[in-house]
Amino acid sequence: MEEAKIPMLKLGPITFNLTLLAVCIVTIAIVFAFVFWASRQMKLKPEGKQTALEYLISFVDGIGEEHLDHNLQKSYSLLLFTIFLFVAVANNLGLFTKLETVNGYNLWTSPTANLAFDLALSLFITLMVHIEGVRRRGLVAHLKRLATPWPMTPMNLLEEFTNFLSLAIRLFGNIFAGEVVTGLIVQLANYRVYWWPIAFLVNMAWTAFSVFISCIQAFVFTKLTATYLGKKVNESEE
């Protein structure tokens, strides 16, 4: 059997996984389309799609209120909402269909089922919270937090690294495992024709459970982002 080849694009020293890039673009398009559709023709008394959008915004605002000072919460509400919606859509993207090449390579997976993507997303969050910490509190005050108390400086730096790593691995582990189990259930249906009804029912139940877990992971990711951000920008953390 011919070995499956992953579509790649090389631009100078950087190599892009075209499959991952494509599903990321699809994720962004879905998020944009949903917000654009739900925010059209908004009314003073919300109903239908507007109610759903406002509920999501209020839900994410509640996360920010728990971890950010009141005067800062509104400044980051849109960021947290975007992160939550993006991760929620990305987590669920690979659950509902499968697109394989003749070599057996799956072209349609959740972006968050790719460890490199999760590490990049986690790195973005880590850099963002530190940049915001410097912008809000100043470089000296920001570095002072990492060195207070000074004997704990190595542990504080280690904590920053473990926060970055755990944010990515937690997301990857849950989403990747969900897609693996979904693939095994589909293989069960292909094994024998009389297994198909059982596999169908099991797959429906597992998909519903996976959607729930994916949304929980989006919530956890957003909550941890708000937590890390609050530690860097809140005046109460002085």
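In case you wondered, yes, glycine gets a Cβ from its N, Cα and C as well.
Predicted, not measured: the structure shown is a model, and the values here were computed from it.
Taken from Swiss-Prot, the feature transmembrane segment covers 18-38, 76-96, 114-134, 166-186, 193-213, and the record attributes it to sequence analysis.
Scored by C-beta pairs under 8 angstroms, the transmembrane segment (76-96) has its highest count with 18-38, from the stretches 18-38, 114-134, 166-186, 193-213. Count of Cβ pairs under 8 Å against the transmembrane segment (193-213): among 18-38, 114-134, 166-186, the largest is for 166-186.
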